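Q: If you scroll down you'll find the structure; I have some questions about it.
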Amino acid sequence: MKTIYSEILKAKEKGSKLLAILLDPDKITLALLSVLIPKINQSPATHLFIGGSLVTSNILDELIITLKRDCALPVVLFPGNPSQISDKADGILFLSLISGRNPDYLIAHQVQAAPILKRTQLEIISTGYLLIESGTQTAVERVSKTKPLDRSNIDLVVATALAGEMLGHQLIYLEAGSGAKQAVPINVITAVAQNIKIPLIVGGGIKDLQGIQLAHDAGADLVVIGTAFENDINFFN
Ligand code: 1GP
C-alpha cells in the first residue's frame, strides 16, 4: 500500500529530496486559499503540513477539505496539541518533544490524543521532535515550556536523535522554531543525518532557496518552509 511514510522512505532510498509547505491555520484565512493554492501547485513542494503552536481558529477542517480538493499533495497534520486533530487530513506527525523534559509534550498529550486518533483513518507517523536553540525564544519553546538543545552541543543533539530512533520513532525532526532567527546549523544536520537511518526532517528559520538547498545537501530528507512562504507567496518563483 502506498502510504505517506513509505513514500518518504522510498524518496530517501533514491536520494530524492522532499519539501513541505507549512500552513498555520491561525495565520491564513479561507479567502486567501484561492491565491495560495495556485502558488503551492506551482511550487516544488511534495507535502503540506498543517499546524501551529497554538491554533485558535476553527477553520481547520474546511482548510484541509479545500486543500485536498485543489492540491494533489498529501496533507499531514503537524499539531501543537491534541485539539489540532482533523480526520480530514491524510496523516499526522505524532510528535514527542524528546529534546525537552516536559512530560506533557513527551507523553501526556499523546495519551490524550491516542483514543481520538484510533477513531480516524489518519496515517500515524511517530516522530521524535528536537528543538534546537536558534538565537531567540521561539513559540515552541514558550508554549512547550522546554529548553532547546544547545546548537553547539552536537554530541547531545546526535545522542537525542539516536535515542529517538532507538525508541522506535519513524522520523526525526530537527526544529529551530517557526520564524527562528537562525536555522538549524548545517554541521548539526550533517552529524544527525550521518548517525541515524530513519528519515530526517529539518525546519525553522529557513529564509531562502539556498537555505533549503544547504539543508538538503547536509542530509535533510525533507525540509519545511512556513514563515518565508507566508511572508512572500512568490517565494518559490
Ligand atoms: C516550524 O519548522 C517549521 O515548525 C517551519 O518554520 O516558519 O520558520 O519556516 P518556519
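Cβ atoms here come from the backbone N, Cα and C positions, even for glycine.
Automatic, uncurated: that is what TrEMBL annotation is.
When I checked TrEMBL for this same protein, it listed these features:
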BINDING   D24, S53  Mg(2+) binding site
BINDING   Y173, L174, E175, A176, G177, S178, G179, G204, G205, G226, T227  sn-glycerol 1-phosphate binding site
Q: What's the CA to CA span in angstrom from G205 (sn-glycerol 1-phosphate binding site) over to S53 (Mg(2+) binding site)?
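A: The separation of the Cα atoms works out to 15 Å.
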Q: Got a sec? Which of D24, G205, T227, the binding-site residues, have CB under 6 Å of any ligand 1 atom?
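A: What lies within reach of ligand 1, judged by Cβ under 6 Å, is G205, T227.
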Q: Which of G179, G205 has the fewest nearby Cβ atoms, counting only those within 10 Å, among these binding-site residues?
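A: Least crowded of the binding-site residues G179, G205, by Cβ count within 10 Å, is G179.
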Q: List the same-chain residues at least 6 positions away in sequence whose Cβ sits under 8 Å from the Cβ of D24 (Mg(2+) binding site), in sequence order, or say none.
A: G51, G52, V55, S178, G226, E230
Q: Can you give me the Cα-Cα distance between G177 (sn-glycerol 1-phosphate binding site) and S53 (Mg(2+) binding site) in Å, rounded to a whole number?
A: 10
Q: Return the residues near T227 (sn-glycerol 1-phosphate binding site), defined as same-chain residues 6+ apart in sequence whose C-beta is under 8 angstroms from its C-beta, sorted by sequence, else 'none'.
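A: Listed in sequence order, they are S178, G179, G205, K207.
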Q: Provide the three-state secondary structure of T227 (sn-glycerol 1-phosphate binding site) computed with DSSP.
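A: For T227 (sn-glycerol 1-phosphate binding site) - judged by DSSP and reduced to three states - the answer is helix.
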Q: Give the three-state DSSP assignment (helix, strand or coil) for G177 (sn-glycerol 1-phosphate binding site).
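A: For G177 (sn-glycerol 1-phosphate binding site) - judged by DSSP and reduced to three states - the answer is coil.
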Q: May I ask for the distance between E175 (sn-glycerol 1-phosphate binding site) and S53 (Mg(2+) binding site), taken between their Cα atoms and rounded to an integer number of Å?
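A: About 12 Å separates the two Cα atoms.
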Q: Which one of the binding-site residues (S53, G177) has its C-beta surrounded by the most other C-beta atoms within 10 angstroms?
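A: Ranked by Cβ atoms within 10 Å, first place goes to G177.
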Q: In sequence order, which same-chain residues at least six apart have a C-beta under 8 angstroms from Y173 (sn-glycerol 1-phosphate binding site)?
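A: When sequence neighbours closer than 6 are ignored, Y173 (sn-glycerol 1-phosphate binding site) has L93, L95, T127, G128, Y129, L130, L200, I201, V202, G203 within Cβ distance under 8 Å.
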